[in-house]
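Enquirer: My questions will all concern the structure given below.
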Amino acid sequence: MRPALRRLFQRKDFPMPMKPGAPLDKGGAPHQTTKDGYEAMTTQQGVPVRDDQNHLKAGTPGPMLMDDFHFREKMFHFDHERIPERVVHARGYAAHGFFELTDSLEEFTSAKVLTETGKKVPLFTRFSTVAGNKGSPDLARDVRGFAVKFYTDEGNWDLVGNNIPVFFIQDAMKFPDLIHSAKAEPDRGFPQAQTAHDNFWDFISLSPEAMHMVMWIMSDRTIPRSLRFMEGFGVHTFRLINAKGKSSFVKFHWKPKMGMQSVVWNEAVKINGADPDFHRRDLWNAIEMGDFPEWELGVQIFDDKFADSFAFDVRDATKLIPEEDIPVRIIGRMVLDRRVDNFFAETEQVAFCTGNVVPGIGFSDDPLLQGRNFSYLDTQIKRLGGPNFTHIPINAPKCPMRTFQQDGHMAMKNPVGRANYEPNSWGTKDGGPREDPDNGYQHFAEPINGKKEALRPESFADHYSQARQFYISQTEIEQAHMGDALVFELSKVEKAEIRERMVAHLVNIDKGLADTVAEGLGIKTPMAMKAARPTMQDLKASDALSMLKNPPKSFAGRKLGVFLCDEASAKSFNAVKDAVEKAGGTVAVVAPTINGVDLDDGTHVPADEKIDGGPSVLFDAVALMLTEECADDMAKKPPAKDFLNDAFAHYKYIGYTPDSMKLFEAIGMADHMDGGCIELGKPASIKSFVSELANLRFWDRDGA
Ligand code: HDD
């Protein structure tokens, strides 16, 4: 190569991709450093690399030579970077944190994680959507996975739950069918990340046990505003076993400290375009800002007597126990205070298994849970490539792991010493570990009596009562959203019989809902579907099931989008910013250009978003702080008009300076201003605007 050309392609002539001192492999001898102070790059064998830009060639440009082991290793590794994505819950985001017990359950369990108050148990939590692939958008209408791995002193405990307390099916035998029906249709490979298609509603309308969960997924719970504002549930009934071997039943609940909040459907659709990573970015940013997401852990504990007298079978995962029947006892808190260092190593490689329990926690005979206990272990072999996935740091327990299990792909922690079997007579020094009859995990000695048969218990047969209970527990606004969601989803179904069959189920749940959906689909309400158990139980509404009946009443953790222009009032902007930050929220600046604006006192405020890239769907509320001239100019720009139009349509609070009125006029809204549009004039009005923001949305707006 000519000297000039060679120089151009040499690394020293390019910006360095790594920060000086970036950590490489810490093991072995100290690495050499380059002349300019960087750690020298090596191959995976530790051999220093001279040229990472050009392949070894014979002549110029010359054929490439197989001698170049650095190229071969680099390309070989790249070619194998991908692993199979999870068959469900492929798209997820996770963070590290801790669990701190505040109320001991010693009376019920011997598990140290539930009896040692004040101790911080490290954990790793992964949130996910279910149906979409790894690259699907965050705001698909979908159940959210809520999986927590507690690294306890007695081994790993995985609580692999969802943000909905019930499930679609009662028996794990149906899981592959459920998931096949929900994912993209197999011939065409679409739709991606949504249930709005024939196969899903075909399966669902032929599976009445799904009706309760259908009510939940058609509610706004499946379009959460943030992973931080969701509840989580262990779903199944588990067992707690105390030191005396006595068992109680338990259901686990996660309650978000910042309260629950969802977006509205039209907003979700637009967020998916504006920022498909909306939820993961939000979690990352909150942790980076030190605003650590927090949940309370609650339990519903009950005994056999309650289980026998309860109107439903507590082993049926399509049923919940209303909080009014068994109150949720708060026993601790989870704080997510550390983001991952590497998405693949941690979020992608983490392997949750429902079978991971610790002494003092056990399983009930829920046939869904029992099936899960097989599936989760099995799936990791395919995904992570072998039986040693527990050796990967994110999956390894933080307490000692001593087994005679050995070898296999990528074995990192093989037993040392002569004995790899037991019994052996090599003694405590060389004989390796032994089982511990005093402290080892003991399964609850549940008496079993019955015939071996493939059947569904009669006690699982009522499919509509709790579906109705959920529906009647919602506010009118929430009910309207459920009706809209059903109409939307079923309108994407091509086969009329499926649409009609689904509405026939709704008749059993609520006649009014069935009529609304039928009208939305343009059909007559059909006859009720014949129920497996014809007698409906008339259950009371449970307020705990509604999000809007339990509002957070705070703007903390939320974001105000301020649309600013050059020469806008610095005094007003600073007053809004201070008040929002005082309320625990954040302010993002949206401006005509990303360079930001110069306010009337000369201060330069950098923008977080240019108006075209920062639509109002990204914010919980908006404020327009434009000058008259800028408002005039913006009134001609579609993204600026959409900013305001969408904020209004999504029931958002809109603060505005009088000079911003031109933008309202441009979208024909000047005569439709309501109590959710608040003029930002004097300091008092700014204060009242910010205190109104705690209501999150102005639901009284026309058409809500
Ligand atoms: Fe599952 C993943 C939650 C039923 C089989 N499931 C998975 C994840 C969550 C749940 C949160 C993602 C874990 C992660 O972040 O890595 N699944 C649930 C809940 C269920 C449920 C709350 C019902 C109460 N699942 C369920 C059944 C089966 C599975 C009945 C099969 C019998 N689930 C799996 C799986 C996955 C999984 C195939 C895919 C990736 C993985 O396990 O690690 O094994």
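Glycine residues also receive a Cβ, built from the backbone N, Cα and C atoms like all the rest.
Pasting the relevant annotations from TrEMBL:
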| type | residues | note |
| --- | --- | --- |
| REGION | 11-35 | region 'Disordered' |
| DOMAIN | 42-430 | domain 'Catalase core' |
| BINDING | Arg86, Arg126, Phe175, Arg372, Tyr376, Arg383 | heme binding site |
| ACT_SITE | His89 | active site |
| ACT_SITE | Asn162 | active site |
Enquirer: Using the alpha carbons only, what distance in Å do you get between Asn162 (active site) and His89 (active site) once rounded?
Expert: 10
Enquirer: Around Phe175 (heme binding site), which residues of its chain at least 6 apart sit with Cβ under 8 Å of its Cβ?
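Expert: Result: Ile169, Leu368, Gly371, Ser375.
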Enquirer: In whole Å, how far does the CA atom of Arg372 (heme binding site) lie from that of His89 (active site)?
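Expert: Their Cα atoms are separated by 14 Å.
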Enquirer: Measuring Cα to Cα, how far is Tyr376 (heme binding site) from His89 (active site) in Å?
Expert: 12
Enquirer: Considering each pair of residues in Arg86, Arg126, Phe175, Arg372, Tyr376, Arg383, all listed as binding heme, report the largest CA to CA distance in Å, no decimals.
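Expert: For the residues that bind heme, the greatest Cα distance is 21 Å.
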Enquirer: Let me know how many other Cβ atoms fall within 10 Å of the Cβ of Arg126 (heme binding site).
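Expert: 22, counting other Cβ atoms within 10 Å of Arg126 (heme binding site).
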Enquirer: For Arg86 (heme binding site), what is the tally of other C-beta atoms lying within 10 angstroms of its C-beta?
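Expert: Neighbour count, Cβ to Cβ under the 10 Å cut-off: 21.
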Enquirer: I want to check the contact list for Arg383 (heme binding site): same chain, sequence separation of six or more, C-beta distance under 8 angstroms. What comes out?
Expert: Ile83, Pro84, Glu85, Arg86, Ala351
